[in-house]
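Asker: One structure, as structure tokens, below. Some questions next.
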Amino acid sequence: MIVTIDGVAASGKSSVASGVARALQVPYISSGLLYRGATLLGLQAGLDLHDARALLVTLQAQPLRLEPLAEGNRVWHAEQDVTEQLHSTRMDRGVSVVAALPEVRAWVDAQLRALEAPFVAEGRDMGTNVFPQAPAKFYLTASPRIRAERRARERPEDVPAIEAALILRDQLDAAQSAPATDAVVIDTGPLTLEGVIEAILAHLPARVPSA
Ligand SMILES: Nc1ncnc2c1ncn2[C@@H]1O[C@H](COP(=O)(O)OP(=O)(O)OP(=O)(O)O)[C@@H](O)[C@H]1O
Ligand SMILES: Nc1ccn([C@H]2C[C@H](O)[C@@H](COP(=O)(O)O)O2)c(=O)n1
């Protein structure tokens, strides 16, 4: 079975996907990390992040590997674990530019579709575009202020600055971020992390991770 968890930036997708996947004893896949990895390679190579052709040449010459560990996905570039470099304000600014490129989206989609089910996949378009056949789809929301307050515990910037950046990223990512028509939408604002995970588990057709 494939479970998709999409939603706006910092709505809890990766934390929730990790918890749901652990409960189901299956891997989870954080698709945003592939977009972040592509952005890192582009920045390291000094590329214009709007240049899809140059980015694709770089991605093909220096492949990225997503390692779907239960405690948190890792991204490898050659023999180096680059995961820690993928979450910063600089990366957040660049990644929406890269994720808007159809050529890069096709590259990410191909990596994801090559993975063997069962798994939980989180991102923006898992339920709409990448795995439309998934039998269980969820979409997480929360107000920008609540998301910024949560994120402020992980970043040096203050809540208003984080909130403004989240609102901007929501706008830049809007084209690929609509919920699937058959997704269960969950406002995570009033819920704890465990509460969101339980709500999703309660909606699943069966807690048996079959293909
Ligand atoms: N329901 C919740 N209650 C309290 N804190 C939460 C909840 N859900 C997520 N968090 C916290 O909010 C922060 C953002 O969560 P997370 O990184 O999982 O979001 P995300 O949607 O994957 O983010 P991004 O879009 O940037 O990849 C984390 O610190 C996480 O622990
Ligand atoms: N399926 C996806 C996953 C991610 N993106 C974009 C949107 C974000 O700006 C960026 C990083 O994702 P995050 O780590 O915040 O989940 O990648 C996308 O367009 N489609």
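Using N, Cα and C of the backbone, Cβ positions are placed for all residues, glycine too.
Remember, TrEMBL labels are computer predictions, not curated facts.
Just lifted these from TrEMBL, have a look:
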- Gly7, Val8, Ala9, Ala10, Ser11, Gly12, Lys13, Ser14, Ser15: ATP binding site (BINDING)
- 3-203: domain 'Cytidylate kinase' (DOMAIN)
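Help me understand the surroundings of these features in the structure.
Answerer: In the three-state DSSP scheme, Gly7 (ATP binding site) falls into the strand class. Gly7 (ATP binding site) has a Cβ environment of 25 other Cβ atoms inside 10 Å.
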Asker: So which of the binding-site residues is most packed in, judged by how many other Cβ atoms lie within 10 Å of its Cβ, out of Ser11, Ser15?
Answerer: Ser11
Asker: Can you give me the residues near the recorded ATP site, meaning same chain, not Gly7, Val8, Ala9, Ala10, Ser11, Gly12, Lys13, Ser14, Ser15 themselves, Cβ no more than 8 Å from the center of the site's Cβ atoms?
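Answerer: Leaving out the recorded residues gives Val16, Glu122, Leu140, Ala142, Arg147, Thr188.
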Asker: Near ligand 2, which of the binding-site residues Gly7, Ala9, Ser11, Ser15 have CB less than 6 Å from any of its atoms?
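Answerer: Those binding-site residues that pass the cut-off, since their Cβ is under 6 Å from ligand 2, are Ala9.
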